[in-house]
Amino acid sequence: MNRSEALFYRYGIRPILFRLGRGDAETAHERTLHILALISRSRLLCKTIGYLTTIRDQRLQRTVCGIPFPNPVGLAAGMDKDGVAIPAWAALGFGFVEVGTVTHHPQPGNPRPRLFRLPEQEALINRMGFNNQGAASLARRLARLQPAPIPVGVSIGKSKITPLEQAIDDYRASFRQLFPYAAYIAINVSSPNTPGLRQLQDADQLRALLAALQHDNAELGRTDQRGPRPLLVKIAPDLSDTAIEEVLTVCADHGVAGIIATNTTISREGLTGVDPRLAAEAGGLSGRPLIARALHVVRLIARLTGNRLPIIGVGGIHTPDDGLRMLEAGASLIQIYTGLVYYGPLLPRRINRAILTHSKVQQ
């Protein structure tokens, strides 16, 4: 994608999307996802879009956690919770998709409005609350998709109606339903929008959760030709460096395959030039203001683990340069979400093209 194409999205397409639903960000999200779901039903249309947008080059290929990825640029969880548009994401040049976060029980999420744009900072605030159709529904949809066009990771979280003391059983139910269809499974213990969820990052609670899931993983893997699935833990950017080190110790003790760093932040530090009423909205902040903290966390994890633990870097990646910086910081793969909102569907191609011109981040 050259500069003129980027400008066309920014000044031609984006203003139209931002006006949908009288400016309601979630309405624009829903309508865009509906269009992508329709595109996903047509193999010919997906093939045509893929021909125009996807860069296929062996130098982009990665094998991470034993999974072959056609390129390192993925779609972050939250964009397509119920996995309705996976073929379209593949056609747009993503190397993998993480669907979810999905919960055992279907749930509507928090009351609307719950998604807010901060265009001055190229950011979003969301308090969606894991709105999704449930693990069983996602499992049925993924079963129909097999074989998937690109690796599909599945992010699982706790149902809102499930008490924290029963969280392990809730995660296990989702895990067992989705195991057959997931390239990897991400354990989301870091969303700020489900009451009490972040407590599961505490060492003792995380240890118990991972032990239970790895028990199921080993059991299910014995009868599956692909064996156990890689388990990744998604952490919050708001953890202290000491807390991150404790999480890494627990993850190492329980055979976690990688870390996803990071989720959205509850901090509003450095958020300037925006409507104070928007900045005060409850929820997780994503986008441009998160990049510095996300890079710090990725560098910290890479240093503490001696670059031996795979990291999926996510948070504030809006440009090819952001993607390169994340890979240079130690990420094995990267994910985008808010950058897609502000810079358009050809962002994966721009990042992959940049990777090909920078030998430091080629495999």
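FYI, residue positions are counted from 1 along the chain as it appears here.
Note that Cβ sites are derived from N, Cα and C of the backbone, with glycine treated the same way.
Site annotation for FMN in Swiss-Prot covers Ala77, Gly78, Met79, Asp80, Lys81, Ser155, Asn188, Lys234, Thr262, Gly287, Gly316, Tyr337, Thr338, and the matching candidate from Thr54, Thr101, Thr103, Thr357 is Thr101. In terms of Cα distance, none of the binding-site residues chosen from Met79, Lys81, Ser155, Lys234, Tyr337 sits within 10 Å of Gly129 (substrate binding site). DSSP classifies Ser155 (FMN binding site) as strand under the three-state reduction. With the fewest other Cβ atoms inside 10 Å of its Cβ, the least crowded of the binding-site residues Gly129, Gly287 in this structure is Gly129.
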